[in-house]
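J.: Please read through the structure below; I'll follow up with questions.
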């Protein structure tokens with residue numbers, strides 16, 4: 001079993017209807033799919049690989065003294081059979097428009113700004129496809145994420161590396177969770193695997209595919225679609241060989257945006273009852289920060305009570 005791979009270039013051709021249907025299936029049945037021929041230049045993706053790898057090499061010594069490494073060393077020395085269940089074997093930093101970026105390598109900032117602009121455009125195009133498939137007005141999801149245009153949506157890029165791990169039996173690369181926000185676009189390593197998503201009780205590998213962009217839907221897309229699209233559990237397994245690169249961009253609501261099931265296109269049938277509460281996304285994030293690695297349903301109930 002493998003997650004869907006969709007040729008995004010066919011969206012603008014004779015196979016548009018079939019491509020729209022495949023994306024709908026990816027959102028409804030999987031919550032994960034891979035896009036090829038998505039429009040981001042391969043030359044840019046090659047530069048992103050280069051600068052992110054060079055950046056990690058400059059940070060590698062810092063990771064060797066990090067909390068996960070120290071905790072694992074202590075656990076191995078004590079040898080009491082416990083696992084590291086509260087940390088991830090991951091070196092990570094987040095890029096936003098207004099925060100401090102690494103100054104080295106010298107071309108890191110220019111390259112990543114160019115990439116973020118391209119991946120943001122792809123995210124917004126994907127949201128318009130979701131709008132159409134769900135029967136929403138064009139721009140509905142983006143408008144909801146911006147609080148009816150009052151606040152800019154959040155757009156952050158998480159740059160991660162998963163170094164080789166000496167004890168795979170004791171720690172995960174990234175613990176299982178669903179993503180809190182909207183649409184997530186991942187440019188993952190095309191050599192070193194490890195990403196898995198949960199479907200029908202089975203963990204499925206998200207196979208490395210050169211120059212593809214992995215799309216997954218977050219909790220807020222589940223709410224806006226009133227459960228038609230589900231956020232999927234996923235995790236990253238640590239590996240004993242290779243250094244896995246992972247660049248995930250998150251197109252999320254503003255913390256001030258109010259999220260609730262959206263009204264679909266007008267039909268003769270009565271709208272289904274809302275299965276999710278109406279809430280402020282900032283309140284949801286407060287709950288998520290404490291319950292990220294726990295089932296999502298209690299999070300929805302918690303914000304219902306606020």
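Using the three backbone atoms N, Cα and C, a Cβ is placed for every residue, glycine included.
Remember, predicted model here, so these are calculated numbers, not experimental data.
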J.: Using only what Swiss-Prot says about Fe cation binding by 177, 179, identify which of 38, 234, 241 is listed for that site too.
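T.: Given 177, 179 bind Fe cation in Swiss-Prot, the matching entry from 38, 234, 241 is 234.
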J.: Look at the binding-site residues 177, 234 and tell me which residue has the greatest number of other C-beta atoms within 10 angstroms of its C-beta.
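T.: Its Cβ has the most other Cβ atoms within 10 Å: 234.
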